[in-house]
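Chemist: My questions will all concern the structure given below.
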């Protein structure tokens, strides 16, 4: 093996003069690089500081409030105007009531000795009823108007955000965002924005109009007393403002730390097979919990500051009262005010200023909404440099398809310091086929990305038909270019819809025709739902070959002038490859075709082959021309491929390898890849999700069955039990809440005593008012202590609960068996939404709701006791009214519960659409599918939108009726009181004592019913979370029970295995499969695509359990072994390795649960031939690999993945197509690494390249779910008409 050339160093040749040339060149290069490096280092540092600064800013930046409504249409504006009118009217209800109230007091106070009090009161009572009717209408308008317009605008913001995200250039996704963040913003942040522009605005307007109304009335009744009371207003305003500022700062900080946790969820769930295989559950959990801690801190701090602010507000209010009572007494004596007038002024100022106090939840909602809107609106405003929605630019009748890259300099935006092309030029004449070959990372795929205009070169130009690509209308030119890439990205919808992405409004006929051309119609017709079969998230329900043919059909439907094939067949087995290649050959006719490949067989027939090396074209010509120069780069590539194989399969091998090479580099650039990678994350095995059958995906009807859509009701105690550790906090908080609750009724007693004092003789009036004033001040001090205590204790408990629920739920998710993630409702998008939004809502069920409930109970009890002591007859009469008020609150709660449930689930579906599209942004861009995605998204949002509107109307009715009932019961109580006074059953001060004690209790109740939307949302959220927490994982990696063998030999046996994937119970994968693998030997599984090869690997790792039969390791059934230990004995290397967005070091250490020593990491990297290229990177082992590893080439990723598998020193090695995606040189290096690590380990290889399989100790041929042949290569090849022999034939014919 002397000839192994380290792939990263380039093709070095032994001829002396070449070597000299290289050394001198390399010297020059080194100097260039030095200069570049110092510049780039400076830039890096600058970039870092800028980035930190940006992050700091982001924490606190907000949008001006009026900007939240930037996206309203005319109907919204009408709704908001109506809502505003309603809110103003509703807000004036209370100030007007104070006038009626003063009348009542004067009637009672001035007629203490006459007997016709009830007639005079009857007149006033009637006015109360009219006022009730007015507020009913106003409240209805207010709530419905604002709720509906808020729902509509939030929907529009979601769509606009998605739309702008979809039109961004690819660089934006490489550098600035990732799928987790986008979905998080769409599901979490829009809720906050909607909150800030919906009913909360109505409420704020209502409160402001109460404030203004109150003061206008007070000044008209008596300006002097009002002025004295107003002197305290600045204090109120200042404490209120300080409060709002602190809250908004904290809210945005909490969001930032939670967004980081969301990324952990997306990465883990998206790559669950890798996590399971490397028993990385603990690591993911601790990573997640780290981010939760900072979110918890921010939450508690927010609670504490709110409490202090509100406490301050309260003491100011009570001192104002004290002042008013004392000074009001003076006014009666000196200025001849009546008692009623003084009370109108006190009440009017009081309701006015209290209304400001109640505005704090609105303020905090506005602040949170403004902070959330900042990032979203920034994104919506961002103008991409390459804008898919830009309609300017040239549109020709058609293009010929001449492509020219002229003197192009390019580096990826995510890695500006690495120059990919320096002065690269290439021209391709129309109708010809050009193949690009070269090592992994040489820039082949970059050419494809530039032709698609995913990126623009930094200098130089890309021209089509002689016109600079930038001059064309982007959408139009992309519609002329068809891309088929190595890992095709399919969307979570039906096969038909996936193909239809190729062409707007394609007919079923056209789609059928495209499937026939792509050789896909056969397998599609076999599926129970045919074209309507769902493909699963990222197409996981189909095998690799099937997905690729659908992708080809999609490209055919588009009928492009220019066809870009990026490793289109490298990931397929011989049979599928031949079929797909045939389909491609048919459609390549008369089109300009650019093929990136590393299997030379694919490129042989190209009109021109260009060999790219380190971003330059080193040779070009046809296959035969290039072979004439035996020292040329192309000849070397071929020789490399042939070195290790016998000619018979060399070509095919070559073919692959080159292809794959190409692929990899493409990948580098490509998020698409990264995207598509995602799919493979799901499908860690060569075939997606290990589901490689030729059969169909989950039939729709099954999905319905599998999701119990009706989530069980969760009892309040169940959630409360989770808060157990905080019981001391909750008890202290509850004590504070009880005290807080009693303050209002006591306040009622004070008022009635003051009323009585106002009608006493002058001397007594003077001393009484002074006494009560002091009592008011004491009450204020009490409130100042009790209020902050309540909020602090409850927010500690609440934030701990949210943290605990998120953590528990995530822990549970990570422990689910892999099959659970195959279900659509458990996709990474849906789980992310559950963890972020639902966990936060549950808090409303315990902490906050509990505080409110305890406080209300205390108010009610205190109120009742006071009332019954004062006058039991009147107390009964007033009490009879209270159930009406209570009933109204209850009806309102019920309505709210019915609605919020379905809306939540429907938005989850919509967020899945977004997740898919952003995850597959390259595919969306190349098929100009932005509008299509938007249509799908909007369609999914229609249902929740209608629900939201219904909710608005019903809430409005409930809200309005409650006011009407309230005012009518006032009228009734006063009239009843007047009759009792007439009859001498009670005195006038007792009437007021009963009245105030009970109304203050009622105020407490109505405040709690305002919580209802939150509590109903919370119980639905709790149900969705407990559905996860309660589900027992069928195969639980955290289960410590089970045997652990002291010494593993590595004998594996599968006996009579039958198996179906849980997500597709009607497709039998294995029927009675038997296979035994001896310790230390290598067994290769071969068979057609979809025969079940990768399924064997999934079963050996216990991702799934067989339906019947057993699998044993060293004679022990694996179900009886401890799962975590079992998985630590197996090392998996799959075709598309999933790397996490961490450093290379962290990715390798992941194999050992993150605690590998530096020496272990380096030696694993050396064994896997990765140490060389890693040391060559600027940051070495500390290089970040990017989301899904996009910053490394295919060969590099694969070697890191092998190092990761080796670091755990497994007894059993599972290689699932480990080298199929690599070019010749990388493959050689990787294969060499694999040969080293396979020694003394039991190895199971799934492969379709013969060279990889030939030397296996046993080859097993899988067909129709059983093993049909097994033996050594030499034996099997000689079976006449044997399955293996015919597969080999296929291979050879495919490769010639």
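Placed from the backbone N, Cα and C atoms, the Cβ positions cover glycine too.
Annotations for this protein, taken from Swiss-Prot, read as follows:
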type: BINDING; residues: 1087, 1088, 1089, 1090, 1091, 1092, 1093, 1094; note: ATP 2 binding site
type: COMPBIAS; residues: 9-59; note: compositional bias 'Basic and acidic residues'
type: COMPBIAS; residues: 640-662; note: compositional bias 'Basic and acidic residues'
type: DOMAIN; residues: 80-368; note: domain 'ABC transmembrane type-1 1'
type: CARBOHYD; residues: 113; note: N-linked glycosylation site
type: CARBOHYD; residues: 409; note: N-linked glycosylation site
type: CARBOHYD; residues: 505; note: N-linked glycosylation site
type: CARBOHYD; residues: 519; note: N-linked glycosylation site
type: CARBOHYD; residues: 590; note: N-linked glycosylation site
type: CARBOHYD; residues: 826; note: N-linked glycosylation site
type: CARBOHYD; residues: 1141; note: N-linked glycosylation site
type: CARBOHYD; residues: 1240; note: N-linked glycosylation site
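Quick one: how deep are these features, and who are their neighbours?
Modeler: Neighbour list (residue 1087 (ATP 2 binding site), Cβ cut-off 8 Å, at least 6 residues apart, same chain): 573, 1093, 1261, 1262, 1263, 1283, 1287.
Look at residue 113 (N-linked glycosylation site): DSSP puts it in coil. A 10 Å cutoff on Cβ-Cβ distances gives residue 113 (N-linked glycosylation site) a total of 6 other Cβ atoms nearby, all chains included.
Residue 409 (N-linked glycosylation site) falls within a strand when secondary structure is assigned with DSSP. Listed in sequence order, 419, 421, 422, 423, 424, 457, 458, 459, 460 are the same-chain residues six or more apart from residue 409 (N-linked glycosylation site) with CB atoms under 8 A from its CB.
Note: residue 505 (N-linked glycosylation site) has no non-local neighbours, i.e. no same-chain residues 6+ apart with C-beta under 8 A of its own C-beta.
Residue 519 (N-linked glycosylation site) falls within neither a helix nor a strand when secondary structure is assigned with DSSP, and so counts as coil. The Cβ of residue 519 (N-linked glycosylation site) lies under 8 Å from the Cβ of 549, 552, 579, 580, 582, 583, each of these being in the same chain and 6 or more residues away along the sequence.
Sequence-distant neighbours of residue 590 (N-linked glycosylation site): residues of the same chain at least 6 apart with a C-beta under 8 Å from its C-beta are 431. According to DSSP, residue 590 (N-linked glycosylation site) is assigned to coil rather than to any helix or strand.
Non-local contacts of residue 826 (N-linked glycosylation site) by the CB criterion (under 8 A, 6+ apart in sequence, same chain) comprise 269, 816, 820.
Proximity of residue 1141 (N-linked glycosylation site) to non-local residues of its own chain (separation of 6 or more, Cβ distance below 8 Å) is seen for 178, 263, 267, 1184, 1185, 1186, 1187, 1188, given in sequence order.
For residue 1240 (N-linked glycosylation site), the same-chain residues 6+ apart in sequence whose C-beta sits under 8 angstroms from its C-beta are 1080. DSSP assigns residue 1240 (N-linked glycosylation site) to coil in the three-state reduction, placing it in neither a helix nor a strand.
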Chemist: Fewest other C-beta atoms within 10 angstroms of its own C-beta: which of the binding-site residues 1090, 1092 fits that?
Modeler: 1090
Chemist: Fewest other C-beta atoms within 10 angstroms of its own C-beta: which of the binding-site residues 1089, 1091, 1094 fits that?
Modeler: 1091
Chemist: Counting Cβ atoms within 10 Å of each candidate's own Cβ, which of the binding-site residues 1088, 1093 comes out highest?
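Modeler: The residue with the most neighbouring Cβ atoms within 10 Å is 1093.
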Chemist: Pop the Cα-Cα gap between residue 113 (N-linked glycosylation site) and residue 1090 (ATP 2 binding site) into the table, whole Å please.
Modeler: 99
Chemist: Measuring Cα to Cα, how many angstrom lie between residue 1088 (ATP 2 binding site) and residue 113 (N-linked glycosylation site)?
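Modeler: Computed Cα spacing between residue 1088 (ATP 2 binding site) and residue 113 (N-linked glycosylation site) is 105 Å.
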Chemist: With DSSP assignments reduced to helix, strand and coil, which class does residue 826 (N-linked glycosylation site) get?
Modeler: helix
Chemist: Would you identify the secondary structure of residue 505 (N-linked glycosylation site) according to DSSP, in three states?
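Modeler: SS state of residue 505 (N-linked glycosylation site) = coil.
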